[in-house]
């Protein structure tokens, strides 16, 4: 680290749900170069989603090489590497061969047997303990039940795990293990807090949760802070940051004080509100999770996950084929003065926070002969904003904090109609940053702080620039009337699908 002054770049590896990316930042936190590769989505059965871990590693390695080549840089000019990743996605691999024993089970995966696992946990009376200890709800979303499914269904795997032959990790653990040639098996607190196996109060793997899910302790990674040197990669640059994608975005937005919140608009929407050093227990369906403090140490956050955000627009394009491109939605939504009473509830894979209803299903309400395609497109965009309000209202009730402004990031924030409607339905200012790569930026910031590339949080705050502020324009009565219609529509979609095992 003595020659840090001669190294002028940080690489953020952003391993997402549909693609692997590498983003190179300079000392001013500007993007120098970006490389991206998509990888295959596997759907072996309805509701099942899997990735090939070897393809994830191959694409992530390739984009790092591509980004350096495009920028004309050599790896010895890189001070450190930061990793941010899709969370909850679960990998189990052979410690000797480095080969996965099964595909990665993705965070979106709702396989019916996994729902049965969750139902059994509830029947056995574990739901309250899970919430108190891990901050999570008993839902197939999290890693613990995915790991249990692998150990239950891959022959001999549980015994091999007990013998120390198999390792478990979320995507960050898998990548660092591969990048360090099998020398480092670690995760960070943010990713560990998404497994349903981790006690967020003692900051240790929880013995009772391991017993409940029958997970051998021997296969779990060591848990460390989000900002420290974990080991040298094969290209010699140190791996110096790990953060789950949403916690990385929260840090990249400089939401490091209690009461600050951000929403990332991606495939789903993910709202996090920093609650400082207090783990706020939710009474309204939020998750209590671990975030990054000012120097990557443990802080706490409330989180609400909306399962279908950008995927709703993809549905308009790919299944309904009423738009050619996602960017078309802003034009069509702006052609009509309102949605003409139409509400679209995109519960394609159930409802996330604050409802946590895996049996809800999507529906269109309020259709009349006067409804046009424009109204449906507008209703689709509005559904993203309504779901955001569902979550934010619950967060504010739990935390006792009244949000002054919502910071936003993700692909959909380029849609000015959506951002304005978001401000309108919240009655709160929405702040769109000039730097859109906030997830990667958060990983870069954490890596830079760990290796001395950047000296302080104050230095980083000076690099944050708001590109546009959206002020609420709807009056209170109009806002609440629209939202009441949304709540009515949501209530009609609840508990639609038959429960597993029900007659």
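Cβ from N, Cα, C; glycine included.
The ADP binding site annotation in Swiss-Prot covers 17, 21, 267, 310, 411, 415. Taking a C-beta cut-off of under 8 Å and a sequence gap of six or more, residue 310 (ADP binding site) has these contacts in its own chain: 265, 266, 267, 268, 326, 384, 410, 411, 412.
Per Swiss-Prot, ATP binding site is recorded for 17, 18, 19, 267, 310, 314, 411. When secondary structure is read from DSSP and collapsed to three states, residue 310 (ADP binding site) falls in the helix class.
Secondary structure at residue 87 (sn-glycerol 3-phosphate binding site), as computed by DSSP, is coil. Long-range C-beta contacts of residue 87 (sn-glycerol 3-phosphate binding site), restricted to its own chain and to partners at least six residues apart, with a cutoff below 8 Å, comprise 107, 170, 171, 190, 191, 194, 244, 245, 246. The feature sn-glycerol 3-phosphate binding site is assigned by Swiss-Prot to 17, 87, 88, 141, 245, with sequence analysis given as support.
Annotated glycerol binding site per Swiss-Prot: 87, 88, 141, 245, 246, in sequence order.
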Closest of the binding-site residues to residue 88 (sn-glycerol 3-phosphate binding site), Cα to Cα, picking from 17, 19, 21, 314, 415?
17
Over all pairs within 87, 88, 141, 245, 246, the annotated glycerol binders, what is the largest Cα to Cα distance, rounded to whole Å?
15
Given the binding-site residues 18, 141, 314, state which is nearest to residue 415 (ADP binding site) when distance is taken between Cα atoms.
314
Identify, among the binding-site residues 17, 246, 267, 314, the residue whose Cβ has the fewest other Cβ atoms within 10 Å in this structure.
314
Other residues, Cβ within 8 Å of 17, 87, 88, 141, 245 Cβ centroid (sn-glycerol 3-phosphate site):
86, 89, 106, 107, 108, 194, 244, 246
Roughly how wide, in whole Å, is the group 17, 21, 267, 310, 411, 415 that binds ADP, by largest Cα to Cα distance?
23
